[in-house]
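K.L.:
The structure under discussion is supplied below as structure tokens; questions concerning it will follow.
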Amino acid sequence: MSASGEISTPRDYIGHHLNHLQLDLRTFELVNPHSTGPATFWTLNIDSLFFSVVLGLAFLLVFRKVAASATSGVPGKLQTAVELIIGFVDNSVRDMYHGKSKVIAPLALTVFVWVLLMNMMDLLPIDLLPYIGEHVFGLPALRVVPTADVSITLSMALGVFILIIFYSIKMKGVGGFTKELTMQPFNHPIFIPVNLILEGVSLLSKPLSLGLRLFGNMYAGELIFILIAGLLPWWSQWMLSVPWAIFHILIITLQAFIFMVLTIVYLSMASEEH
């Protein structure tokens, strides 16, 4: 790619679509992805942050509107869809969570719908929003799938991890939680260091696997769309992009479901009294 950011080869096209719209937190200026090195700790992917917040607000507004206008008569299509989603999530929570918290069902609903909406951004034409961003708003880069950004998925997983610690301490107490980390699986004081390492790794692996699984699947899906658009002639792209998009609908739904299920299971395990 030239210094001006002109796209001249398939390699340039693919690289351009893998760049984030970034803000340098030290200068509060947009980062030029074509003239700077790799991202540092002080760069913020504001495209991922923007779309994740907008989609989260859209979820809240739509569900609030449906709840406010819900009727006991014949429901409309939107109300029916919302009721089906709520019923599905509620049944999942009843089957997998055995505690008494009233927060888990709303949390599971939020996680499922929010992740699903972010995943669905991958079904938009790959050049649509980046083209608008570049030619209308003058943005140097734009990626529109928040869950294809590891910082977003790990941030969500970090929130789940904090809830795991909270519910573990709430149900078992500080002493019980500490004992769980130091006296399992070997119930003898001499094995406390070994137990702490084993249980610590097990505890930390939960948010890591949760975030990286979602990121890996969505990044791979986005990359395949980019490769199809970047390597094939325009008249032949639909032969691969349409079947992949149909198959990808299953992937994005499944990944949202898996993220929700693992969140419920981890919190159920944390809420168990020993």
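Using N, Cα and C of the backbone, Cβ positions are placed for all residues, glycine too.
Quick caveat, the model's predicted, so the values are computed rather than measured.
OK, Swiss-Prot features for this one:
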type	residues	note
TRANSMEM	43-63	transmembrane segment
TRANSMEM	103-123	transmembrane segment
TRANSMEM	149-169	transmembrane segment
TRANSMEM	223-243	transmembrane segment
TRANSMEM	245-265	transmembrane segment
K.L.:
Please give the sequence-distant neighbours of the transmembrane segment (223-243): residues at least 6 beyond its ends with Cβ less than 8 Å from one of its Cβ atoms.
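P.N.:
Sequence-remote neighbours of the transmembrane segment (223-243) are 10, 13-14, 17-18, 122, 126-127.
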K.L.:
Near the transmembrane segment (245-265), which same-chain residues lie under 8 Å Cβ to Cβ, leaving out any that are not at least 6 residues past its ends?
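P.N.:
Result: 89, 92-93, 96-97, 104, 107-108, 111-113, 115-116, 119-120, 122-123, 147, 156, 160, 206, 210, 213-214, 217-218, 221, 225.
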